[in-house]
């Protein structure tokens with residue numbers, strides 16, 4: 001199968017993720033959409049790796065997974081601490097600081 | 001099925017396996033980063049094994065020694081001729097050891113050392129149950145206002161984890177401007193960002209605001225780094241390589257051996273243009289340029305003030321270093337495409353930062369918008385695309401970072417019953433009540449405004465001169481206009497401090513320990529020295545202004 005199709009899929013997933021970040025209001029869901037964007041990047045890396053016939057892209061996919069895992073650790077810690085003090089994970093409620 | 005057939009599944013043919021060569025690592029050239037990473041890991045071990053009472057001193061010792069040793073390593077590398085007469089590419093092409101990298105690493109390390117002193121300050125807040133406390137929460141996991149928080153405060157807990165977190169962030173910042181391939185760039189970006197997200201959430205006072213700032217910074221930062229990563233993916237797809245020099249060759253069209261796959265993707269300009277745009281966008285987010293600046297005021301306001309000072313100074317240095325390297329090393333062949341876009345970004349950033357700052361009533365938000373305006377001024381130097389553009393940006397970053405960290409250190413001193421008094425109305429008449437603190441803050445504000453005999457003037461003059469010589473004269477005109485707008489609100493704060501009556505219920509100025517005094521003193525000293533006698537440092541930045549490829 002032509003690897004270019006996987007690139008279209010990657011771009012589509014990335015767009016879905018970016019749209020989700022912009023329109024969803026729950027911090028956890030927003031964060032999951034960011035993870036979807038990172039996974040779309042991984043798919044693009046692997047597809048490009050296949051096209052060029054070198055392994056760089058596949059190696060990077062591993063690094064991205066590790067980075068995404070580290071981001072989950074930090075992100076969930078922050079979101080959970082916000083949720084515990086406000087009983088809400090909505091990003092709209094977090095508006096103490098306005099102009 | 002015969003035994004031999006099964007056996008062949010995990011045996012190999014008679015030909016020798018091609019072994020992977022062990023990578024060659026130049027430990028000497030990577031010493032500054034390795035020292036900081038080692039110390040950060042050591043700091044985590046200190047958290048695990050040292051008794052709570054002595055952790056603060058142990059962490060301080062580890063962090064100060066590591067930052068000083070790393071700075072000594074940077075100086076030793078520079079004295080060895082790296083950056084001026086020779087340049088190295090270390091760790092199999094992953095990290096560049098050249099003039100701009102060493103200059104910025106030195107700046108980041110000194111800034112971090114000064115920032116560390118403000119982190120360690122324990123005399124500003126009143127003692128809680130007989131324990132001296134710093135700006136950081138007793139126990140980050142406890143819910144604000146809950147019993148567990150009160151218990152943690154009563155037990156005298158302090159979050160000494162901030163020291164290893166600071167060191168991890170510094171490690172990422174050291175690699176970020178020196179990264180010589182896109183993977184290293186991305187990993188360094190995350191290593192510097194993740195500890196900063198956590199540090200933002202750790203304020204002792206106004207914890208809800210602090211947590212809110214951390215969530216905003218985290219979500220927007222992760223969003224921006226996803227864009228960066230997709231940009232990296234597209235650039236990799238375009239060039240088939242992660243290394244800066246190979247991508248630059250493919251962009252220039254001077255690459256030697258072109259296989260059919262590369263010939264196919266090389267012809268696809270959409271990959272290059274979209275990839276470069278997404279990558280640069282991620283970096284512009286980190287420097288806080290309009291239209292990617294929305295996080296800056298909220299995060300600067302909500303984060304603990306020592307963290308804000310460190311973040312505002314050091315992140316900007318690291319991110320501009322990385323941006324310079326991307327634009328000057330990877331994408332010089334594309335400069336006719338990126339220059340118009342960066343022109344627009346610089347103009348909007350300078351004007352928006354200066355104009356919106358006028359309406360601010362909170363001193364931390366005011367400094368945040370001022371940092372946005374300064375990002376615009378630095379971008380004017382970046383756009384020059386000349387050697388003097390690089391050196392002027394290096395000088396500006398060094399000057400700006402010390403002014404910033406000093407200014408935020410002064411903000412920590414002005415306090416009332418609720419902690420820091422950041423509302424501008426409370427600063428009225430501060431000059432009558434404590435002339436010295438107000439005078440020091442006035443020096444920093446004058447440096448931000450770019451008044452002669454301060455480092456701000458020397459820096460601004462250098463970047464505007466470079467921009468004018470680089471053919472960006474209209475940008476200089478806009479820069480001078482927005483400097484004038486910005487000067488208005490800096491001077492307004494000075495007038496407020498010195499020429500209005502102090503309020504009876506106004507804030508008091510806390511007497512800090514020698515730590516914060518040192519931080520502010522270094523800030524003033526650097527501001528004045530770089531302003532009165534900038535020549536030596538301008539030459540130093542000029543000597544350091546050549547990228548390795």
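Each Cβ is built from the backbone N, Cα and C atoms, and glycine gets one as well.
Residues or ranges marked as transmembrane segment in TrEMBL: B:99-120 (among others).
According to TrEMBL, the feature transmembrane segment maps to B:155-176 (among others). Long-range contacts of the transmembrane segment (B:155-176) within its own chain (CB-CB distance under 8 A, at least 6 residues past either end) are made by residues 32-33, 36-37, 39-41, 43-44, 46-47, 52, 55-56, 59-60, 62-63, 66-67, 70, 95, 105, 108-109, 112, 115-116, 119-120, 128-131, 133-134, 136-140, 184-185, 187-196, 198-199, 202, 310, 314-315, 317-319, 321-322.
The domain 'NADH:quinone oxidoreductase/Mrp antiporter transmembrane' annotation in TrEMBL covers B:179-485.
Through the fold, the transmembrane segment (B:182-203) approaches residues 94-95, 135-137, 140, 159, 162, 165-166, 168-169, 171-173, 175-176, 209-211, 213-214, 217-218, 221, 225, 228-229, 232, 235-236, 242, 244, 247, 279, 282, 286, 299, 302-304, 307, 311, 315, 318, 322, 326 of its own chain, all at least 6 residues removed from its boundaries and within a Cβ separation under 8 Å. Residues or ranges marked as transmembrane segment in TrEMBL: B:182-203 (among others).
For B:215-236 (among others), the entry in TrEMBL reads transmembrane segment. Residues of the same chain lying 6 or more positions beyond the ends of the transmembrane segment (B:215-236) and with a Cβ under 8 Å from any Cβ of it are 182-183, 185-186, 189-190, 193, 196-197, 200, 242, 247, 271-272, 274-283, 285-286, 292, 294-295, 298-299, 302-303, 330.
Here TrEMBL flags B:270-295 (among others) as transmembrane segment. Counting same-chain residues at least six beyond the ends of the transmembrane segment (B:270-295), those with a Cβ under 8 angstroms from any Cβ of the stretch are 182, 189, 193, 216-217, 220-221, 224-225, 227-235, 237-238, 251, 315-316, 318-320, 322-323, 326-327, 331, 334, 337-338, 341, 345-346, 348-349, 352-353, 371-372, 375-376, 378-379.
Residues or ranges marked as transmembrane segment by TrEMBL: B:307-328 (among others). Remote same-chain residues near the transmembrane segment (B:307-328) are listed as 96, 100-101, 104, 107-108, 111-112, 115, 118-119, 166, 169-170, 172-174, 176-180, 185, 188-189, 192, 196, 199-200, 202, 244, 279-280, 283-284, 286-288, 299-300, 335, 338, 342, 364, 367-368, 371, 374-375, 378, 382, 385, 390, 393, 397-398, 400-402, 404-405, 407-409, 411, 547 (criterion: CB distance under 8 Å, separation of at least six residues from the stretch ends).
What TrEMBL lists as transmembrane segment is B:340-359 (among others). Within the same chain, residues 277, 284, 289-291, 293, 327, 366, 369-377, 379-380, 382-383, 472, 475, 478-479, 481-483, 485-486, 488-489 sit at least 6 positions outside the transmembrane segment (B:340-359) and bring their C-beta atoms closer than 8 Å to a C-beta of that stretch.
The annotation transmembrane segment is assigned in TrEMBL to B:366-387 (among others).
Same-chain neighbours of the transmembrane segment (B:393-414): 100, 103-104, 107, 110-111, 114-115, 118, 121, 124, 135, 305-306, 308-310, 312-314, 316-317, 320-321, 324, 363-364, 367, 371, 374, 377-378, 381-382, 420-422, 426-427, 430, 437, 440-441, 444-445, 447-448, 454-456, 458-460, 462-463, 466, 507-510, 512, 516, 519-520, 522-524, 526-527, 530, 534, 537-538, 541, 544-545, counting only residues six or more beyond its ends whose CB sits under 8 Å from a CB of the stretch. What TrEMBL records for B:393-414 (among others) is transmembrane segment.
Residues annotated as transmembrane segment in TrEMBL: B:435-455 (among others).
Note on the transmembrane segment (B:475-499): residues 343, 346-347, 350-351, 353-355, 357-358, 360, 363, 366, 370, 373, 376-377, 380, 383, 424, 427-432, 438, 441-442, 445-446, 448-451, 460, 463-464, 467-468 of its chain, located 6 or more positions outside it, place their CB under 8 angstroms from a CB of the stretch. Per TrEMBL, the feature transmembrane segment maps to B:475-499 (among others).
As annotated by TrEMBL, transmembrane segment applies to B:511-533 (among others).
Below 8 angstroms of C-beta separation, residues 114-115, 117-118, 120-124, 395, 398-399, 402-403, 405-407, 409-410, 412-413, 440, 443-444, 447, 452-459 of the same chain, each at least six residues beyond the ends of the transmembrane segment (B:511-533), sit close to that stretch.
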